[in-house]
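Read through the structure below, which is laid out as structure tokens, and then see the notes.
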Amino acid sequence: MVDIGTLSRIINAARAIQEAAEKVEQNQEDCEDMKGHVALVTTQLERLKNNGPLMMDTTVSPAVAAFDKILPEAQELVKECQVKRNIIHLLCTAGTLSKKLRRMNKRIMDRTMILMCAMIGRLECQRPTQEQVGHEQPPAAPDGDMSNQQPISIVNEIVGVADRIKETAKMVRRNKDKCLEIDERAGIVSAFLTQLENTDVIKDPALSAKLKKIVNTFQHAYELVTGCQEWKNLFMIWPGQLSKELHKVLDQMVLDLDGITEISIRYTKGSHEVTSPEVWISATLMAGLFVVKLMVRQRSKTVTTQLGY
């Protein structure tokens, strides 16, 4: 289990990376991406600092602990970019460092997604106080009341777009790896969001706006994946530009979860009880499945590299 000392160490490492990224001599764009990714991590960790029960949760704690290993590695990469080099040495190192930084950025975002999903899945039964929410609480909606229906319908819309992404990603002709990652993230996000229907979070007045952002991101992701399916679009968007757009939408899918985490954290303070055993078990299994998929994909890439394919 992660204790407050470990959490503070991880937060300090995250802040050190953000500061170091502002003083690099090369690979500025990749380092700027890392700065933004680590800032998102820091936000989640700060939320846990004053929430002992959530920090010690058996799903959340391992997700936090993973950063204790990843962030020092990331910090060393950024430090390499701070070294002043002559033009020849710079040209020789920039490409290799860029690949390492992008792989690290992906690891950070994957782990951030796992952490946020674990936090969202850890919802307590009680509604938050008015002080925690910062605005007036609506009364609980009786059966048939429309106050819950809008968020639920938006979640259903997200699930529908995720299903379309899944079907389209199977038939792409280029950028296959990124399209499959988008499918994977869309599936994880939509699966977690469906769990909100069984919690008090679904009644939160701020939820609909956060969910609509996810709908927009998913719709854009679907359009990009569709673009990778059709050869005719090769002449409409340069392949390199399309790849960059796919990369951006992958990050945005994680960034959008931050709003849901911000709301769900109000429902976890001061309680070891989750809404139901089903929600807790579902969160644990889905986070575990995501980790396994990441390990399998990484191992597959390693073997392919070793074989020279």
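Each Cβ is built from the backbone N, Cα and C atoms, and glycine gets one as well.
Residues or ranges marked as coiled coil in TrEMBL: 7-37. Confidence for the coiled coil (7-37), expressed as mean pLDDT, is 95.
If you look up TrEMBL, you'll see 8-112 marked as domain 'Mixed lineage kinase'.
Under the heading region 'Disordered', TrEMBL lists 128-148.
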Other parts of the chain folded back onto the coiled coil (7-37), taken as Cβ under 8 Å at six or more residues beyond its ends:
45-46, 48-49, 55, 64, 67-68, 71-72, 74-75, 77-79, 81-85, 90, 93-94, 97-98, 101-102, 104-105, 108-109, 112, 251
Per DSSP, what is the helix/strand/coil residue tally across the domain 'Mixed lineage kinase' (8-112)?
86 helix, 0 strand, 19 coil
